[in-house]
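Participant: For reference, the structure I am asking about is given below.
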């Protein structure tokens, strides 16, 4: 608390409105210069093609604005790139956004001097104010609640004494609500302590003392500066580096040490980085009770204290001479930023004067089980040991293995992985402090973390693309906040909100729905279920030939966990969501039956239950012949999972009753379909429904048929209530109730000759449609499997399976991504079998196509490739690279593309950095090359998420989806994209003259290329497995290739941990 103006960015969804007292708030709309001129950030992002759907754009701009203001407009490119851990973009792949904002950095290649100086003013006056607004505030809230804003520690203690037995919560950053939103949901007393200066100070003397309410971003700076001036606080530098991996800047700007420790106190299972760091160095906490008594405790002992009517005042960090102490800390993560640790640890070693033996060791781990902190047996074992020899290292590793009693609560990775990870990180620390002359060169790199340098990109256009790229028309409107989405519509008189009530069981029958508690809540208007539907209770697609039933609300039978049962209508969204949780549903579970979640389970269950098989796949292919030169027969299985679309705009609909129908404002890409479903559910004529749509904030296939759920629910409530109704599904509701990308599996058998040429190939495909087979996704799968290869000996057949999960639906490159991945996996295995580079196997298949083209070449002579392929196409010679679906009355065109990926894998942790990706894609006659580039980059990064990060995990006992929010589901972030990202647009292939101006759809093919990253990882694993002494045989990988799956595939064992 310096009494100087400072600026910082926060998450508006977490920051309480009452905490804004005394602050000057700047929003996106407020950045404009005057009343209309856009800010430099807004202009630059629009001009750089950094906005596509535009829904995430305001968040990126405000994060960058906060960074510039906090750093007095002087930032480096690295600081820019590190600042977007809390922002997600599904459209652009981040590269154009980062390029736009890096141009404002002081070390950018070209300096920028047009950043406007915005005046700052105090909330209590027009003039610039450097005085603290420090009047205590006491507000009365609804339901006898209280809000206190205090500025001194005695004020806190006085209120704590007055609270007595009422529930209370201390508010500073309020960031814990992002992790545990239903913790102490509605306390009776709020105490805002963010303005208490005594809790936001620090002192450095023989020890370093930091106030409990110092924000983490300030703590990081304090630690860095302390390490620079005092060698006995050398460890503070690593602590600062580690803390930068906690959450993201908007959280660290207001989140505090005491707040983080308080979460750990309430939730021992929370893998807190702050807790582990402080416990490892032997820090202490000063705790003050409401009656004034002071207690100083260790960090681990703090967990045992009853903190009711007590506060943490300060944290004390000890002096540790760097001549005899070594400190290390690690955090293994699913992605680069803003994610909970898979496992974390911190080690402090104290050596004797000549560093020949360990005097004391503190080995702290998080993520083992909720109560494990110290590896005490190993700590004792290390005393008086040298450690820099194989015998002592192996003894310590074996001791750790015995000590680790790991729990397994989904969606946590497996105990086997976490055990190997913890031991591997200990080994990494030993290697790092061991003298170089004692470490073999081949293991020395294990001591290092993979370094991610500043990312960059290159874009190359075909010579024919000589037009000047023009930013899309609404880019500036999206960057200034003038672009409006459905939920930006003004609230109307008498408007109400809706929230779904979803099933908490699977494979069960509803016995009773008790809505008494919910309906008694103030502001709740009604509950509606299946019995209230005046029309047909069915959201299945009537336009796609399937005789399927897909109930809007369950009429009694519960198939999957999360299935909609009904909806609550209430005065506000908060009330509706809270009331939905108060609806008590009684179920009768199916005796002795577990929900069928996976394709494998469905195939097994289909032996006794033929209803698991919906139908055979369309476009099945039976080979009429096979080759005769069989030298090898390969049999295997390839399985890939699901993916949530993750549009930034959730499913949203607003319905307004009219004189003779309903006006529907729905965020959807299939207006006609949604209209049909509303009409059949509400039982009103289609011509009485008016559909209105301005723009969609991202979809990727998720707002085609999925949009019917929110639209039909909203329209039903509007019809029954005869008043405006607004539905905005929460992220959790979208993930548990609605379908995603369909999982796929193939059992394959392939016969090849010694050169790797396919003599016979049989694909037995199983596609997981979920609870209903509606959207015809299999139409795209078979053509994609055939891809660009000679497939005359290929047989492709299979079934559409039903599982006890939501009905899966379209998702970017539906069927194509899965089909191409299946075939590329087989090509990799063929190459392994005949011990040839996989590109050779691919080239062999393509040479057959060239042989087919040879007669045409002879007829036409030496003509350009484009003319030759065009003539072959006219003669029905198959030349497809990637099939892209078009309506049957339009000619099919092909998008030609190739990608090359380079990755680096940490064998001890399983973490991956994609160092470089090159993509060349044929885009036809591009209307706007830079928009096409953004589509390609965004699609590829979404594909990287599918293959590396985004794991859909169900509890196979209950059927519950355990990855259903940003806490557990991790789309790629700005620092997960390729470090070196290069795109080349080609215009030398076949022109699709029937399309708009000869252009091609380029947003979906590039996602199929992301499988190249998987093959690069396999090649890295091949090297690791060779070093581990494993034979050069084929091994299956589990997708997505999350760190646990990668590390477990390396073949690394404890006995490898030697110098």
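Using N, Cα and C of the backbone, Cβ positions are placed for all residues, glycine too.
Per TrEMBL, [2Fe-2S] cluster 1 binding site is recorded for 13. Here TrEMBL flags 53, 56, 89, 91 as [2Fe-2S] cluster 2 binding site. Feature annotation from TrEMBL assigns domain 'FAD-binding PCMH-type' to 140-322. Residues or ranges marked as FAD binding site by TrEMBL: 331. As annotated by TrEMBL, Mo-molybdopterin binding site applies to 700, 812. Per TrEMBL, active site, proton acceptor is recorded for 1004.
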Participant: Among the binding-site residues 56, 89, 91, which residue has its Cβ surrounded by the fewest other Cβ atoms within 10 Å?
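Facilitator: Counting other Cβ atoms within 10 Å of each of the binding-site residues 56, 89, 91, the minimum falls on 56.
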Participant: Including all protein chains displayed, how many Cβ atoms other than that of residue 331 (FAD binding site) lie within 10 Å of its Cβ?
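Facilitator: Around the Cβ of residue 331 (FAD binding site), 25 other Cβ atoms lie within 10 Å.
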Participant: What average pLDDT is reported by the model for the domain 'FAD-binding PCMH-type' (140-322)?
Facilitator: 94
Participant: If I take the alpha carbons of the residue listed as '[2Fe-2S] cluster 1 binding site' and residue 812 (Mo-molybdopterin binding site), what is the distance between them in whole Å?
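Facilitator: Here the two Cα atoms lie 29 Å apart.
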Participant: With the [2Fe-2S] cluster 2 site defined by 53, 56, 89, 91, which remaining residues of that chain have Cβ atoms positioned within 8 Å of the Cβ centroid?
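Facilitator: The answer, listed by sequence position, is 51, 52, 54, 55, 57, 88, 90, 92, 648, 697, 698, 938.
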Participant: How would DSSP class the residue listed as 'active site, proton acceptor' in three states?
Facilitator: coil
Participant: Taking only the recorded positions 700, 812, 1004, which one has a CA atom nearest to the CA atom of residue 53 ([2Fe-2S] cluster 2 binding site)?
Facilitator: 700
Participant: Of all the binding-site residues given, namely 56, 89, 331, which is spatially nearest to residue 700 (Mo-molybdopterin binding site) at the Cα level?
Facilitator: 89
Participant: Using a 10 Å radius around its CB, how many other CB atoms surround residue 700 (Mo-molybdopterin binding site)?
Facilitator: 27
Participant: Expressed to the nearest Å, what is the distance separating residue 89 ([2Fe-2S] cluster 2 binding site) and the residue listed as 'FAD binding site' at their Cα atoms?
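Facilitator: Between the Cα atoms of residue 89 ([2Fe-2S] cluster 2 binding site) and the residue listed as 'FAD binding site', the distance comes to 24 Å.
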Participant: Specify the secondary structure state of the residue listed as 'FAD binding site' as given by DSSP, simplified to three classes.
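Facilitator: In the DSSP reduction, the residue listed as 'FAD binding site' maps to strand.
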Participant: List, in sequence order, those binding-site residues among 56, 331, 812 whose Cα sits within 10 Å of the Cα of the residue listed as 'active site, proton acceptor'.
Facilitator: 812
Participant: Just name the most isolated of the binding-site residues 13, 53, going by other Cβ atoms within 10 Å of its Cβ.
Facilitator: 13
